[in-house]
Each structure stands twice: as C-alpha cells, then as structure tokens.
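Asks: Below is the structure I would like to discuss, written out as structure tokens.
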Amino acid sequence: MGCQHSLQGSDASKVRTIYLNEPIRNNFCKNSISTAKYSIWSFLPRYLCLQFSKAANAFFLFITILQQIPDVSPTGKYTTLLPLMIILTVSGIKEIVEDYKRHMADRLVNTKNTIVFRENEWKVIMWKEVKVGDIVKASNGQFLPADMVLISSSEPEATCYVATSNLDGETNLKIRQALLETAEMQTEQLSSLSGKIECEGPNRHFNTFIGTLYLNGKSPVAVGPDQVLLRGTQLKNTRWILGIVVYTGSETKFMQNSIQLPLKRSTVEKVTNVQILVLFLLLLAMSLVSCVGAILWKEGHGGDIWYIGTKGYSSHSLGFDILVFIILYHNLIPISLLVTLEIVKYIQALFINWDEDMHYEGNNVYAMARTSNLNEELGQVKYLFSDKTGTLTCNIMTLKKCTIAGIIYGNLSSRSDTILDNLSASPSAITESGGFNDPTLLQNFENGHPTRDYIKEFLTLLCVCHTVVPERDGGNTTYQASSPDEAALVKGIKKLGFVFTTRTPSSVTINAMGENFTFEILNILEFSSNRKRMSVIVRTPTGKLRLYCKGADTVIYERLSDDSLFVKETLTHLEYFAKEGLRTLCIAYTDLTEKQYQQWLMEYKKASTVIQDRRQSLEECYDHIEKEFLLLGATAIEDHLQARVPETITALLNANIKIWVLTGDKQETAINIAYSCKLLSAKMPCIRLNSNSLEATQQAVNQNCQDLGILLGEENDLALIIDGETLKYAFHPEVKRSFVNLALSCRAVLCCRLSPLQKAEIVDVVKKHVGAITLAIGDGANDVGMIQMAHVGVGISGNEGMQATNNSDFAIAQFSYLEKLLLVHGAWNYFRVTKCILYCFYKNVVLYVIELWFAFVNGFSGQIIFERWCIGLYNVIFTSLPPLTLGIFEQCCSEKSLLRCPQLYRISQAGKIFNTKVFWFQCINALVHSFILFWLPMKMLEHDMVLQGGYTTDYLFLGNFIYTYVVVTVCLKAGLDTLSWNKFNHLAIWGSIIIWLVFFAIYSFLWPTIPVAPEMTGQVSVVLVCPYFWLGFFIVPIVCLILNLLWTSIRNTCNGTLLEEVRKMERGRVQELHLPTAFEKSVKTEHLQLPLSSQLHKVVFQDESVDRSAPRGYAFSQLEQGVITQEELIRSYDATKIKTSKSL
C-alpha cells in the first residue's frame, strides 16, 4: 500500500553509538520538530508548485505568456498578469499566516523546559536543545522530551510508571525498570559516568529496542524495551527518573510513526479543476469555430473587405488567429474565482475560530481552523474514524455502582424493584458528582441488614485484593497503581469507610469503619488476558486462609460453588450495568484449609521453577485453587466520557455519518465505551474477529459475508469488532476486499489493539475503496498517522501533548464540538463555497460568451465589443461583491434547525448541489442569458439611431448597453440564489450596480486628462439619454431571470425537499410544533434501504464469531508480562518506612 510505504520511515538498519559524557562525539539530529508545511527556503518552490497544480492558475499563466507575444492579444499585455499576481500574493499571504500558526504551535512544544546534566551540574534547557547523550531528569507528571534509556529512579527496584496512552491508547500504566548496574546512580556519580551505548537505528516500532550498555571497567549489559522511555509518554506515580537520550526530534519513535504533512485538496476543488479542463477544451472549440468562421467569412466577402487591408490567408495566420481567439475567450474561466475563494475560505475559518459554542472555558481553548482549504470538506464527511482514549473518554475512572448480595447500589433514583427487573426501561440518570453516591449501602451495613456480612466481606475484598501501593505525604495518602480500575475501586470504597492504609512486603493493613485490620499476603495470582481475573491468598486477622478473587463474570461463574447465592440476581445486574457502558468485575471468595493450601503451595513452587512455558504452568496451577467460589457481588466502574459524547454520536449517526473507533486499547475496554456512548446497543449482534491465522480469518470473514447475503453492502444494525493481530490477516490481498465489504455493511466498527500504522492503513483502505470523504479525530501522537491520512484531520486539544493538534487541519477542545463543526459550519461552508463557485462561472460565461455572439456580426475579426479595462475590472470590481456575500453569509437554514435536524447534513454530504450535472446546467443557463443579453439589445439597435448633433452610434455604444445589462442581470441572479438575506447582500447587489454606473460616468471623462480609454470619451452622455437604454435596462434582465424564477418556484412547490420543509417552518416560526413531521418525511424518502436492514434479525449467522448475547460489561486494565511481576513490585514497597533514600 502507498500508505504503508510512506509510513515506514527509516528502519533499524544502522547501528548507533552514543558516548556517555562526551557530547562532541554525539552528532545526531536536533530535538526540535516541525509540523509546518513550509520553511523559509521551501516556501517559494512548494507554494508555487501547489498553486500551479490548480488548473485555473496554470491556465492563466499560459494566457499571460501568450499575451506577451506582440500583436496577439486583443485585450492588452497585462489584463491577466496583474490579476494573477494579485491572486498569488493574496494566497501566499494566507498560506504564510496559516503556516505561521503552525510554527507557533511547534514553538510551544519545542520551547518546553526540561532538566539535563551538563558540565557537572543540572541545567534547565528547552526541549529543542536536548541532544543525544544528554542525561535528562524528569519529575512526576512531566512528559518526556526524547527517547531515553532509564538509568535510575526514585522508586524501589529502580522502577517507574509511565502513561503511554498518547502512543498506544492503552489506559493502564506501564512499568519500566533501570538496569542494576545504573540503578543506584546519584548526581555525584553522573560526572564520572563513562562508556557508550550501542543500539539500533531509529525506527517506528514502539515495543522493540535492541541495545547494549558498555560501562568502562564493567561487562556489557543488554538494554531492551523495558529500559526505554519514549517521547510523548508521561511519568506517573514516580518522583523522578534519570535517562540517557538515545533518539531525538524526527528520529524518536512517535515521530517515525508520522507521515510527511500532505498538501490536501478538497473534493470540490478537484471537481472544479476537472470542469475547468473541460471548459478549456470548450474554449479551444470556440476558438477553432471562430477561426473557421473567419475563413468562411473572408471567402464569402473576400472582394468586399478592401478596407481591412488583408491579402491572402496563410496557415501561419490561422495559428495566429487561434491564439487571438484563445486570449479573447480565456475569461470564460474565471480568474477572480481563485482570489474570491481564498478570501471566502479565510473568513469562514475565522468564523470557526470565533465560535463561542466551541470555546472550552476549562482551559480557555477555542476551536482553530489550521487550514482554510478544507472548509467545505467538513460538509461532506461520510466516514468518521475516532480514537477512544482521550477523545471519547476523559481518562478518569470512578466506582459508579455495585451489586452486593443481590442488591444494587449507587446513583440510583428512587424506583421500585419492578422497574429494576424491567431492564428495557431507560437507565437511571447519573449524578453530576461522578462518584459512588448511595447512602443505602452504609445504612444497611450499620443497621444490621441481613446482608451486612456480605457487605463487609465485599468491601474488605476490594481493600485487599489489588496491586495498589499507598504513599503517604504528610497527612494525605495517595495511591499508585498501574491499573486505573484498581485505583478507582480503592478510592471508591475509601469514601465508604474502608480505607487501604499500609502495604508491606508481606501484608496489607486496612481501616474498616475506624478499626485497623492486617492481612498477611501469602500469594498473588496475577491477572492476564487469558485468565481474566486476579486473586490473592491471605491470612485474615482471625487466622483463616482465604482466597479473594475479582474478574470477568464468565470465568467467575464457571468456578462458583453450588452453595453460592444471588447468582441470577447478580447476572441481571451485570447486564444492566453493561447496557449503561460500565466496566464490570465479579467479586468472589473461598475459604481454604491448611492442608489444601500446603498441597497447592508445593505445586506452586514447582511451577515457579519450570524452565519451559513457566507462565502457562503457573496459570494452570492458579486454576487448581481458584474454585468453589462464593459470590459476593460485582462492581461497575465508569470510564468517564467527555461531555455530550453520546448525544454527539447519535446526531452524527442521524446525519448518515458512519463511525469507526480505532484504538490501541484492549477490546473489552473499547466495547464498554462503545456501549456507554451509544455507538452499540444491547440488541445489536456483534461480529468479533479474533483469529491467529490467515486461514481462520479468511474463513470467518467469508462465512459472515455469505450469511449476510443480499444485505452485504447495505448498512445493517450490526457491529464488527476486530483486533490488530487479526487485522494483519484481514488486510491480506486474498481477504481484504471481503473484509472491507463486511466492515462497510456494519453500522459500527471497533478496531482494537492497533498500532499507529494500522490506524492510518484502515483510513487509507476506506478512502480508496469507498471514495467518500473521511475524517479522523484523535488527541495523541498515535493518532497522527490517521489524522494526516484522512481527507480531514481533527485534533483534540487535550492533556496528551500537542502532537495530534499540530498535525491536524482543525483543532477542537472537546469531541462534542464536532457536532457543530460538521453539521453547522460544514454544511454552511459547503453551501457557501459551491454557490460561490457556480456563481463565478455563471457571471463569466454570461459576459465573455457575448464576444462569441459578437464575432458573428464582426466577421470573426477578433474585435472586442467592450472596452478592454472594463473587461478586466468586471470581476475585480463590478461583480466582486455578490460572490463574496454568497461565500461568507449564505445559510441554507438556521443553526438551530441544522442541529435539531441532522438529516439536513445529507444534502451536502451527497453533493447534490455541486456536481458535474449542476455545473453544466449553470453554464447552459449562463449561455442562454448571454444569448438574450446580446441579441435583444442588438435587435433593439438593429436599424441604428441618430444621436444629438447628428452623430451615429458605434460598436462601443452597443457594448456599453450590453455591459450594463450584464452587470444588472448577474447581480440580480445573485439575489435569486440567496437563501439568507441580510444587509450585506443588499449592499453587494445594489451597490455593485451603482458602482458600475458611477464608474461609467467618471470613466467617460478621463481622457485626455488621463491618457486611457479615448474611445470611451463621452459615452455616458449618449448612452444614459437614450430611451432604448432605459427600456432595455428593465426588460432585458427580467426576460433573462423570469425563467429561473419560474423554475425555482415550480421545483420547490412540486418537489419539496426536507430543506424546503424546514425553511417553510422557519419562515412560519413553527419549528417546535411541526419539525418531527419533517423528520418522518425525510426518513420515508431518504431511507429506502431500511427494509433490507430490517431483515437482519432473520439472518442466521453460522460462524461462531457472531455474538447475539447480552453484554456483561467486563473490562480490566492491568499491565501484563512486564519487566517485573506485579508480586515482585508490590513486595518491594514498605509504606511503614519513610522515603528518605534516592532524593536528588
């Protein structure tokens, strides 16, 4: 794939040697990064390449060159050169302003401060000054400025926690551990550090690193990915770390995953370019017709044209005449369109930037259009690719609800048990506080409720069964955890009076309702994706042996004892939690006998020493003791969504925008979020593709395609869920087309565990396969590839750095702002830009085809009917304001209607108001108008007339008649095209007519005071007193526009669209009462495919990958297969000891 090739970057083909404390020998790239389009040196060539890739600019450059040939141009040498220079200048200024903003955004990143060890002391420098070989110190909460090898840390075992959601989208923290050879290094030892690091060259692979540390006087030590901290990651739960920089700037791994910022062009611009090429062919045809006409006219009147003085007609003069006619007709292609669009789009971008509804007051961030070239693309988006972590979610988890002994607690409005049983009813409202809030639980505990013992055991288990480490800072206790779920549970029950206070290598102490209890930790049975659970074996304060377990309902339920109670009730509650999009864990325990435990312990020790497949042996060993559970209940954790995410997704789906979620996080987490934000529903069948081979993937894809039958290719109420490993096989040439067809047949698609490259690949595949406009939105460095690959890239200005924002086309602070950006600004901008383009072509065809009609009466001599500077100023002054007002102020309907009726978006999405058919209909309309505008005045003056003083009229007298009628007609046509009137429209339309008449009056008296246009002298005196002129002034424009008025009236009356219905309601101000009727009409007329989709329930899916069961909501984020096991890590902490060591 082209995408794949462009993303690969440099690979680890060259070994890199980094010398410690020898900065002169480390000569590598700078740490500054750039996401801008241009530099000082590349601006001119790249900008000119971009501008002359536009067909119109290339054409006008060609005309400018032709006009410099002596005696060729009937319109002068500079009438095209001057406007072209103005266009290039205005466009250049706009590009410079927009790129300057990108440079400023890059500067914010490059000028962040960090601390490095140089010249035997710590110095504060900017990120861009960091060099390979520098020793960098980072503190808790800071983002890392470069890729570095960890050499020391403030934490036990020289470990540290890093948040990598900015790179891979995973919510759980990662653990990195320094090498033992450097783990104890302090400031005084750094100056004597001597040696080198040899490692692989820069590459894009986040999870791999091969290197060797050579310290003088010591044996070489291998360095792997567990010692590497990447740029863009954030230090968490760690006071400080020290690292040696190995990659900087564009050579860091997340910069290697980005692609060169492409020069994107909108679909409307591409369509316009094609039409310009067709118009150019038409222009050539007109020129050839005129040449043939000239030949025929000279042959027919050869003896009668002695006054012209032309003898003979050579092939050279034929070529010469072709050039003359090309220059004569070249204004068919509107040069003013380019500068008009630049102004219009720039102001549209300002409207986006100034929109207070997209102003996030939390950090005072406004929406920002980083480029104005794609404004109208916002109105045509068909596929939306969204990141999950940080884009849909806030990266904040809280305990929201729980069920204990068959009773549900947490944030419930008062309702009867019968409503609880009716799970089809709407879920209860979630309180604004965002945490667990139900006093009933403590009341039941304190008042001796029959379930009191269950409540105590439930809360005790949550206090004990985890890998969280408490850290005291004065009177405050903070919790460190690699798992955000465990941190949420421990913090949640703290509010209920069960507080986890102390961890030592062999015990945990909790405070339960003011009383301390210490549990001896005997064993930790670690979590893994295969086990879907974690357990601890403890000795309780009363001396009992007990195994506490939390995990997925599927693995807990199959291990329940026959004596376990509340099984059915808890399962019902789990389904209810899942429908709300909450992350669920089942809670259970079992008591062990000493004999049972000792027998298992021998088995455990044996499995711990196995050389081959130790992990599998341990998991089998764990399974032997995790049985006969007694169910206590379940927890429900909320992964907080950003504000109004469900409502926004609903609106976008109603606007016929297909939404795909692409994330690097786990599948269970992504599914929960999809339910939470209403992308998935409980009744929606899910196709889950999790295969470990090409054959299995191909079989599952083909079987599902076969099962869908005629529904394949239609939008069905169906979800597709696939992981990154399976996606590799799905993109195999033998499977790709079937997989894409299957994906496009689903209402929602979730792709999990994806690399940044895979995200970009998916966007690229959909772009090429469907041909629809795509939009990608994300907030992290791992989203940069898909943001750049999509037609429109939107960056979230979140808490994960500025990398996504700096590489985007538009930046917003919240996902919910996408609703207004697309449905309002996108729709408006599409209407505005397309109307502006159509009108510019219309007014040019109207005026300049008149030269062709005039050629029929001037012997195809190349004579122009209008004064040459009047021709040049037609687009620059006299008709420049109407297209500007159409492009800036036009509204198809109000903002309120667009938001309340998302179906209106489908009009711009489908491109119904701008396509080849509409374009040529407008051109034919203009051709008819030009015919009327020439021949009607021509016939009025057919017999000539005698002016005052006995003077007769000339060609320019007729030309000024026609020119005035053209200006009036095209200005009034702008009024007919306008849907939303305001003072600027009136000023533009009537003002343009007045400007021409005033100019005409002044221009007629310039010569000889100013040596220009002598042929115009006194024209106003004879034209404005002519009765024929004023008769035509009213009749000719009416004759031209009466057909347009009738056509528009009949079309809107007989074939009223949803837009017309909404506009009628707006005019009558009855939206509130009748707008739903418009919705129903839209559904009936625009959803003809629904009968097919409604047949989905009849489809029998034979492949086991299809899941029709109700969701249970299981999700748990925890580090797996880390450099240090969870048990080793927590046994290295002793919260009873005050941290005094390792302070810098």
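Any Cβ shown, glycine's included, is placed from N, Cα and C.
Annotations per TrEMBL:
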DOMAIN    18-81  domain 'P-type ATPase N-terminal'
DOMAIN    113-203  domain 'P-type ATPase A'
DOMAIN    806-1054  domain 'P-type ATPase C-terminal'
TRANSMEM  47-66  transmembrane segment
TRANSMEM  78-97  transmembrane segment
TRANSMEM  274-297  transmembrane segment
TRANSMEM  317-341  transmembrane segment
TRANSMEM  845-866  transmembrane segment
TRANSMEM  872-893  transmembrane segment
TRANSMEM  914-935  transmembrane segment
TRANSMEM  955-975  transmembrane segment
TRANSMEM  987-1007  transmembrane segment
TRANSMEM  1027-1047  transmembrane segment
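Structural setting of the listed features?
Replies: Helix, strand and coil counts from DSSP across the domain 'P-type ATPase N-terminal' (18-81) read 27 helix, 3 strand, 34 coil.
Over the domain 'P-type ATPase A' (113-203), the average per-residue pLDDT in this prediction is 87.
Same-chain residues lying 6 or more positions outside the transmembrane segment (317-341) and placing a CB less than 8 Å from one of its CB atoms are 54, 56-57, 59-60, 63, 66-67, 69, 72-75, 80, 83-84, 86-87, 90-91, 276, 279-280, 282-284, 286-288, 290-291, 294-295, 833, 836-837, 840-841, 843-845, 847-849, 851-852, 862, 864, 871, 875-876, 880, 883-884, 887.
Long-range contacts of the transmembrane segment (845-866) within the same chain, counting only residues at least 6 positions beyond its ends with a Cβ under 8 Å from a Cβ of the stretch, are 74-75, 286, 290-291, 293-294, 297-298, 301, 305, 308, 321, 324-325, 328-329, 331-332, 874, 923, 926-927, 929-931, 933-935, 938, 955-956, 958-960, 962-963, 966, 969-970.
Sequence-distant contacts of the transmembrane segment (955-975), counting only residues of its own chain at least 6 positions beyond either end whose CB sits under 8 Å from a CB of the stretch, comprise 839, 842-843, 846-847, 850, 858, 863, 865-867, 870, 874, 878-879, 882-883, 885-886, 929, 933-934, 937-938, 940-941, 985, 988-990, 992-993, 996-997, 1000, 1015-1016, 1019, 1022-1023, 1028-1029, 1032-1033, 1036-1037, 1040-1041, 1044.
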Asks: Sequence-remote contacts (6 or more beyond its ends) of the transmembrane segment (47-66), Cβ cut-off under 8 Å?
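Replies: For the transmembrane segment (47-66), the nonlocal Cβ contacts are 38, 72-73, 80-81, 83-84, 87-88, 91-92, 95, 263, 269, 272-274, 276-277, 280, 323, 326-327, 330, 333-335, 337-338.
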Asks: Under a criterion of three or more Cβ pairs within a distance under 8 Å and sequence separation of at least 6, are the transmembrane segment (987-1007) and the transmembrane segment (78-97) in contact?
Replies: no
Asks: Determine which recorded stretch among 78-97, 274-297, 914-935, 1027-1047 has the most C-beta pairs below 8 angstroms with the transmembrane segment (872-893).
Replies: 78-97
Asks: Near the transmembrane segment (1027-1047), which residues from the same chain, at least 6 beyond its ends, have a CB less than 8 A from one of its CBs?
Replies: 925, 928-929, 932-933, 936-937, 940-941, 945, 961, 964-965, 968-969, 972-973, 976
Asks: When only pairs 6 or more apart in sequence are counted, do the transmembrane segment (274-297) and the transmembrane segment (78-97) reach 3 or more Cβ pairs under 8 Å?
Replies: no
Asks: Could you check if the domain 'P-type ATPase A' (113-203) is in contact with the domain 'P-type ATPase C-terminal' (806-1054), meaning 3+ Cβ pairs under 8 Å among residue pairs at least 6 apart in sequence?
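Replies: Since fewer than 3 Cβ pairs under 8 Å link them, the domain 'P-type ATPase A' (113-203) and the domain 'P-type ATPase C-terminal' (806-1054) do not come into contact.
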Asks: Given a Cβ distance threshold of under 8 angstroms, which distant residues of the chain, six or more beyond its ends, lie next to the transmembrane segment (914-935)?
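Replies: 268, 271, 274-275, 279, 830, 834, 837-838, 841-847, 849-850, 853-854, 962, 965-966, 969, 973, 1036, 1039-1040, 1043-1044.
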